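*Asks:* Here it is, the structure, as structure tokens.
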Amino acid sequence: MTLRLGTRRSQLATTQSGHVAGALRALGHQVELVEIVTEGDRNLAPLDQIGGTGVFAAAVREALTSGRVDLAVHSLKDLPTAPAPGLMIAATPPRADVRDALIARDGLTLGELPPGSRIGTGSPRRVAQLADLGLGHECVPIRGNVETRIAQVTSGALDAVVLAKAGLDRLGLTHAITEILDPIQMLPAAGQGALAVECRIDDAATRAILAQLDDPDTRAAVTAERAVLARLEAGCTAPVGVLAEIVDDIDALAVFVRAFVGSADGSLELRRSHTGPAVEAHDVGRRFANLLLAELPPGATGEPPDPGGAPAAYFTRHDLPENDTIEKETAQ
Ligand SMILES: NCc1[nH]cc(CCC(=O)O)c1CC(=O)O
């Protein structure tokens, strides 16, 4: 059996797909790459005008659902938290670097870039955290692939860009980095640096093969991060950074989760952390998100699911489901 691996044609996508194909071949399987062109590749309009980051995943998922391909490799951070009907994440291979990186003119760091410097990023998460630093930098929307973005610094059109280190590493562009941003300043997107290998739920043969690529620590971490994001997406419209790390507790593994919830203008900035058993990663993430929601002002919370239902302050402590034990916990 030859496994057909669906991939977007961007260099990052083909590099990541090639990485997974290599791992599968090393296990003795035959793999064939099938290229899929997505709306996000054809159309360079701002992502929110063409359906958000989900546009990339949607076309690849369609090829999977229709049976044109057997598996697909996604950057986990680009994969919507809502599960796709009939599909599952069959493997999360060992995660690469989770951090964001700065590529600035003249080898500068964030702290050395003077007020008024133009930093290219269209990510509300990065814009909000840069604003929170209060250094007077100006964020400029930017799109296109990693190389195009870096070229805007080289040409002098921008003073800097912020990109995921994992993507730069995979493309062999680590040397262009002028500062690695510590998560203390810049929390990454949920799932950043991790890959998701997706297949059809009813394809038992492919599932069994892909399970060999799964890394349990990566899975626990990204499960917690995506649970935070999913819960916040339901209740808040703010930009979110979240990072979960697996740490040794006394006699078991724990998942330590940090989050930033902000706003584009820097008016809202909430940084908190939360710990729980790694085997309960999903619940730990969800409980943490509930704690965050309880601290957010009404303006940051979204519409209730029922339009005629409860008003804006929908997520308050007493509204939480009974099995949520937040009374016993405090956000750190
Ligand atoms: N949103 C685009 C995207 N999706 C995945 C990566 C990099 C690799 C990763 O984070 O897994 C990037 C580029 C970036 O944000 O700099």
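Cβ atoms here come from the backbone N, Cα and C positions, even for glycine.
Since the structure is predicted, the reported quantities are computational estimates derived from the model, not experimental observations.
Here TrEMBL flags 3-207 as domain 'Porphobilinogen deaminase N-terminal'. Summarising the annotation, TrEMBL assigns domain 'Porphobilinogen deaminase C-terminal' to 221-293. Sequence annotations record features per position, and here TrEMBL assigns S-(dipyrrolylmethanemethyl)cysteine to Cys236. The region 'Disordered' feature in TrEMBL is assigned to 296-332. Residues annotated as compositional bias 'Low complexity' in TrEMBL: 297-313. The compositional bias 'Basic and acidic residues' annotation in TrEMBL covers 316-332.
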*Asks:* Count the Cβ atoms, other than its own, that fall within 10 Å of the Cβ of Cys236 (S-(dipyrrolylmethanemethyl)cysteine), considering every protein chain shown.
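*Replies:* That number is 20.
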*Asks:* Over the span of the domain 'Porphobilinogen deaminase C-terminal' (221-293), count residues by DSSP class, listing helix, strand and coil in order.
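*Replies:* Counting residues per DSSP class in the domain 'Porphobilinogen deaminase C-terminal' (221-293), I get 31 helix, 29 strand, 13 coil.
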